[in-house]
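S.K.: This is the structure I have questions about; it appears just below.
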């Protein structure tokens, strides 16, 4: 009340005025904060777009262009090895491979390929990964031991992955009328997985159909195999040119003799030489896709993320190829002189990898 002598009335009026002004100021700030929030969200979205564009720019940058070229060329070379038998195998060679002399020639190539695979694993891939693991570990011996155990686990993972691929794509769809061949000559043609020709009792048409299916299944397995090779080649070039070149050379040493066997299987399935060559050439697409997949999924943290798992994983895959697909064919040799020649060729393959390591940087 005006003119009220009570001091409490003046204090209450001042408090009411203060609260009113404070409420008006808060409402004004709340109304003005919405544009600020909208601008903050727009800025965050802009940063995300910039980050995504930077990642794509780094993927297609000039520094990565060299890796793209080397990886695609290496994968293409591995894929084109399927056409190589067309250049060296005469028309009658398909029949010659079924003989004992042809099987022995194939085992000679496989012995050299086995040495190249083992040399690449134990002289290049695993030492490179081991040295990197020991050098970058910041902790004590416990953390270093843990890193080394992870390296061993990646080797086992690579071995089991290749085992699973062979189980799924080679053995799951075998025709019941096709029994495994006991002939070591036939087994040498396709890594121990050549099948005996079914009996002609159901009719010639059924025989031809079964042979065609076996040829197409072999092409499917070859495409999957080339995809894993493309992964290995591209991932190795992401580490260094030296590792990439050595890996490509090791794959070629393994692939060329096996492609001869795959080519013979296609001839046996009823394809002519040119059709078999074109089908083998089409499997090279799997290697290119594998190389692109490996590069596009590369971690932005750099090469160190690749070395940790790619090198031991690839080593496990190569060990599976060498010890499961190649070595059993060589153990079937009974002649001591031929066995000695196989051991010498195996050592020659290892020596080639040693020389490549010394002269290729």
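Each residue, glycine too, has its Cβ placed from N, Cα and C.
The feature motif 'XEXPHE-motif' is assigned by Swiss-Prot to 254-259. For 1-6, 90-108, 172-232, 297-306, the entry in Swiss-Prot reads topological domain 'Lumenal', with the evidence type sequence analysis. For 28-68, 130-150, 254-275, 328-339, the entry in Swiss-Prot reads topological domain 'Cytoplasmic', with the evidence type sequence analysis. Look at Swiss-Prot and you will find 7-27, 69-89, 109-129, 151-171, 233-253, 276-296, 307-327, 340-360 tagged as transmembrane segment.
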S.K.: Would you call the transmembrane segment (307-327) and the transmembrane segment (69-89) in contact, using three or more Cβ pairs under 8 Å, pairs 6 or more apart in sequence?
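M.R.: In this chain the transmembrane segment (307-327) does not contact the transmembrane segment (69-89) - fewer than 3 Cβ pairs sit under 8 Å.
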S.K.: Which of 69-89, 109-129, 276-296 shares the most C-beta pairs under 8 angstroms with the transmembrane segment (233-253)?
M.R.: 69-89
S.K.: Given a Cβ distance threshold of under 8 angstroms, which distant residues of the chain, six or more beyond its ends, lie next to the transmembrane segment (69-89)?
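M.R.: Here the qualifying positions are 222, 226, 229-230, 233-234, 237-238, 241, 244-245, 247-248, 251-252, 255-256, 259-260, 262-264, 273-274, 276-277, 280-281, 283-288, 290-292, 294-295.
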S.K.: By DSSP, how many residues in the topological domain 'Cytoplasmic' (328-339) are helix, how many strand, and how many coil?
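M.R.: Helix (H, G, I), strand (E, B), coil: 8 helix, 0 strand, 4 coil.
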S.K.: For the topological domain 'Lumenal' (90-108), would you mind checking the mean pLDDT of the predicted model?
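M.R.: Over the topological domain 'Lumenal' (90-108), the predicted model scores a mean pLDDT of 65.
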